[in-house]
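A short worksheet on the structure shown next.
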């Protein structure tokens with residue numbers, strides 16, 4: 001079965017757009033892509049189309065006049081091209097079409113989604129508590145499964161265009177508001193795996209959230225301004241977006257790639273972490289330089305100073321600013337050592353949590369957060385950082 005997928009983007013969004021396409025084609029074949037756009041160069045389509053032939057897929061540019069929507073109000077971090085999705089059912093030759101935003105990755109097969117019974121509805125989507133105008137129910141428009149015949153039968157595109165012309169300046173979330181106002185309760189709710197919105201993690205830093213690394217949702221949506229290509233985005237599965245971004249077309253053709261970011265980037269299994277409120281972390285850069293076989297995870301529940309973020313230049317360092325509180329637990333699970341070497345207060349009782357997790361805990365004499373010597377596997381003079389280096393070099397892992 002061939003699958004029709006529509007995306008909308010502008011020239012500035014080419015890299016995210018191509019990443020979405022790569023992710024789809026790594027897991028699916030026989031796909032016809034339709035890209036609604038006003039300014040993407042034809043050369044891009046011609047070259048990409050040649051690459052897609054090996055997976056029996058096609059891509060087509062569908063030009064939309066941006067003047068139709070350029071003056072329309074949109075939601076935050078969204079531009080006029082978001083309104084292009086209204087035309088999705090007009091450009092395909094199939095009975096069913098899937099619309100996807102370009103801040104999405106697909107991690108599995110889509111045949112099951114395409115075969116869902118829409119139960120007489122014109123559209124299937126995933127619930128979104130932020131859907132529109134402060135309503136507590138509605139759907140997110142980043143993924144829309146549409147019955148083409150019903151859209152044409154009811155002239156839905158014309159109705160949406162008329163509604164948008166009337167209300168685009170008063171709605172809060174642009175095209176998403178318009179679609180929700182039009183369909184109201186007349187849509188089929190689909191399982192959240194088909195539009196799992198990790199992008200909203202940024203609004204729920206302290207809320208417990210599910211770890212998704214080993215079993216990612218079928219469609220991952222980096223909704224919100226916190227995109228994975230931002231330098232320090234906090235969303236879950238940020239690294240997975242970069243894996244799909246990194247895929248070359250031979251890997252897509254043969255489906256033989258390692259999609260584990262940490263294996264792909266050759267990250268050491270020797271992992272050490274610390275959580276801090278302060279940029280004053282004793283001998284941190286020295287330790288990073290002297291221990292290249294260790295990967296340092298530096299987390300902070302706040303914005304990080306340049307002093308800390310600059311350490312990202314080292315391949316054995318990852319910085320997490322405004323860290324998800326749940327990620328602290330995940331980092332503890334994966335780490336061997338916790339370093340209590342930052343000045344200032346302890347963050348979220350993390351030293352005790354590290355002990356309860358069975359981690360080795362090392363500290364300098366002037367940075368230790370507890371006077372209980374039994375909490376630590378080593379307390380070192382801040383004047384002798386090489387003693388800590390030597391201790392860590394002697395740690396073996398299975």
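Glycine too: its Cβ is placed from the backbone N, Cα and C atoms.
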Co-listed Mn(2+)-binding residue [Swiss-Prot; alongside 101, 103] among 27, 172, 204, 221: 221
10 Å Cα neighbourhood of residue 103 (Mn(2+) binding site): matching binding-site residues from 10, 12, 227: 227
Lowest local Cβ density (other Cβ within 10 Å) among binding-site residues: 221, 225, 227: 225
For residue 10 (UDP binding site), the number of other Cβ atoms found within 10 Å of its own Cβ: 18
Output field, Mn(2+) shell: CB within 8 Å of site CB centroid, site 101, 103, 221 dropped: 20, 100, 102, 104, 142, 143, 199, 222, 223
